[in-house]
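Got a structure for you, written out below as structure tokens; questions coming shortly.
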């Protein structure tokens, strides 16, 4: 959907939404709308006589106004029970919502306060805690007496109780009733499973829909679609809205365009230097680039801004992690979770730290809680796969790697991990398909070809392994694992030595001399090659003598090529790669999961399910 041309209407909608949310103490939504409004500062609206500002007292009965003001003041200082008590008999829309919202916040606060530690993010007592409130909201919903804000609250409780299908319908109702209620859009986004479901939602034709679609596409890791929407919004007047470039930075981070993402975050820091939102994502990018100095500056800066915020604790935790002080890193991630038990980054990052500390059980617990907070966190699923791989629980590992790969279908790391797990389960066909797909989508770590070649070699299919090894060695400067490279060289050297192609065998053997672990084996191979060459030379000499004795009058052919001197000692990569280019190792178009039928490697079908008792 194209954003509206009339930004005056957009700003008017924002002002109305801010007033309504502020009256109901929905402070996060008010803050988000205020930031959006500030980004549209070039657009002016008439404030005097504006309907939005005149609506400050709307929805509040005159006889309930005093009780409402008292309850609101209690809510803002987190005295939720008192707030709910003084609005218990109110029937006008705003005080009624405040009563329900204060009741919900009281239950939630008590549940979190009763947690003995930060090791559990959910509780089986959800239904019991919210049963009375749920009953009230369900009854009023059936009577169609809930406004958009009460529908939003009803959806939140349904979502918390894992009643997902009903929650989606209720959130859509809330959004249609109150399109500027960003909190409802935000709660709906994680419940959207795919692009088809997103397109099927009956959402209002409102300018907020574009923001929601862009946000949801990025949540679904369909980053190109999200980037396209947000770039379009920037061109149509939203360029100064800080929320837009923040999501663009996250999208570029997902696409592994780390430098571009860091540039956007640095720009945001200059525009809004005291902003803490999403700084944990910025810190993760600095960690990936090993920018220790920048991480140190960022950690000191956020501590000065707010020492006790979850974002600050995560940034400081990352700083200690890059210094390999894993115990302190865990301490700060735990502190973040005490401040906000549903803070996704802290759970995932703490799992990584426990893995570094070889505390596999604690890592599994952390990753499980991350998945509980957001089932689309592929890092947590992948971490669970690694943890169970360490515990040699291969079927469990397969399950979690599959979940990660479904979330990131074009991430070669997920495919390689899945292939290795299939290989351990002796499911060779599935493993080969995973390695081939990983190579086709762009092998990030450069190990897919080697793993495929090794598996072919293990199966005794040398003729299929050799082309993969050749392709793997074709750009040796980009390969980090030199042991794998050395093994590939040695395998190729032995292969060509058996084929009596002594020049190529010698080329690969000489390559192995650079590696201490293969030096003796390479010297032995070179000795064998030298003996074969000497034997060939002797045999050629005897044959030549016999020929001359039989034909003493015949003159030697001066144009005859030298036995082995004329061949180029350098590997002809074009000829060597001919076989592999004829096989299945070639680029695959994005979105095409089918392998070429003309491929030398046969089409394999991965299992969609598995039996843990198998």
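Every residue, even glycine, has its Cβ placed from backbone N, Cα and C.
These came from TrEMBL, pasted as-is:
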type	residues	note
COMPBIAS	537-546	compositional bias 'Polar residues'
COMPBIAS	575-589	compositional bias 'Basic and acidic residues'
DOMAIN	17-244	domain 'Cdc23'
REGION	537-614	region 'Disordered'
REPEAT	310-343	repeat 'TPR'
REPEAT	344-377	repeat 'TPR'
REPEAT	412-445	repeat 'TPR'
What are the helix, strand and coil residue counts for the repeat 'TPR' (412-445) according to DSSP?
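Helix/strand/coil tally for the repeat 'TPR' (412-445): 26 helix, 0 strand, 8 coil.
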Would you mind splitting the repeat 'TPR' (310-343) into helix, strand and coil residue counts from DSSP?
27 helix, 0 strand, 7 coil
I'm checking region-level scores; what's the whole-number mean pLDDT for the repeat 'TPR' (344-377)?
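Across the repeat 'TPR' (344-377), the average pLDDT comes out at 93.
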